[in-house]
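Database features (TrEMBL):
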- 83-109: transmembrane segment (TRANSMEM)
- 121-143: transmembrane segment (TRANSMEM)
- 155-177: transmembrane segment (TRANSMEM)
- 183-207: transmembrane segment (TRANSMEM)
- 214-232: transmembrane segment (TRANSMEM)
- 247-266: transmembrane segment (TRANSMEM)
- 287-306: transmembrane segment (TRANSMEM)
- 326-349: transmembrane segment (TRANSMEM)
- 354-375: transmembrane segment (TRANSMEM)
- 381-399: transmembrane segment (TRANSMEM)
């Protein structure tokens, strides 16, 4: 049975009683005439797009050919198995690259490296390693043209509006992170970095209209507490030769780097969706390569301006693991951060910046545990509690995405059933 509904956004709509019952608008006797819950339709029918019919359109629709469109339904975007495969792959890239690069970054300072600018350049200067893959994808036409990108700006405008600001944010965040690695244990740096999720949520709320649910708020609170706990433990695990002033500077710089990184990811999401306006894999590599080019240029200028470039030859010769290990440490640090960058931007492209930064927290159990064996970092009760809270916060955020996925599937199924019933009714009228 079909009922006409008048007054939804001032237009005439049509929906079946069975669909209303599925949407929870009717009571246990919703299929009987005389029910009084039609007023609830305006709120509930946001799940589907009711076919809008004017009086004249309705009269003429009966005589239309069978190929006419009756009852078009707008479905929510579904996430198929390919989306899950891409998301899992990007997550593996992010976690693996982050863990490898963070350990090697601390190893550089631990074994005699002392240039913060060079350590920063290693974080972002490895982007040429992804250029062959980028060219391969373009030559094999694995990135098809997307109609949604027809309004995307030319390269020079994208450089000014997107890549230069993002590149400067990358340079600033990476430099502050290098200072933290020089003065703090790597486990402490990793756990403090979990606070970047809270910073990203804050910036995403204003830049990307990020919605906050109970699960997301719970995740943010847990991750914030996880970082705050480390303040209590701030003087019990200083590396040898590091003064209290340098330790405090490292702590402040790491927090500042986390804040800039949170702003960076929120800005990347805004740029991809509002400025670049393309939903292709090419955008992922464009953002990685061009922002890294800008950031590397800024860091190279800082390296020579600071005078640290003059002592690099001596630093390499005095490196405790040897010259070859010196070069290989920096090389694999650069490669690790590029793998991390691919995973990060890929997750922003597929989901959101907040999700991308949340996945990074799953690496928390990896880096501190490795640091215990590689650098003999202390893993006391405070750090253990901080790690547990960080993992709990990540799981809470993942649970929210599971709920969103489940809701999307339900909406699509309901929309499909409404469309089938509406088309069946139209066929009966034509008969």
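Backbone N, Cα and C atoms are what each Cβ position is placed from, and that goes for glycine too.
Against the transmembrane segment (83-109), the recorded stretches 121-143, 183-207, 247-266 differ in Cβ pairs under 8 Å, and the greatest number is found for 183-207.
Of the Cβ pairs linking the transmembrane segment (121-143) with the transmembrane segment (381-399) and spaced 6 or more residues apart, fewer than 3 are under 8 Å, so the two regions do not touch. Between the transmembrane segment (287-306) and the transmembrane segment (183-207), fewer than three CB pairs separated by 6 or more residues in sequence fall under 8 Å, so the two stretches do not touch.
Here the transmembrane segment (326-349) has Cβ contacts under 8 Å with residues 86-87, 89-98, 100-101, 104-105, 107-108, 111, 113, 118-119, 122-127, 129-130, 265, 268-269, 272, 279, 281, 283-284, 287-288, 292, 315-316, 319, 355-356, 359-360 of the same chain, all six or more residues outside its ends.
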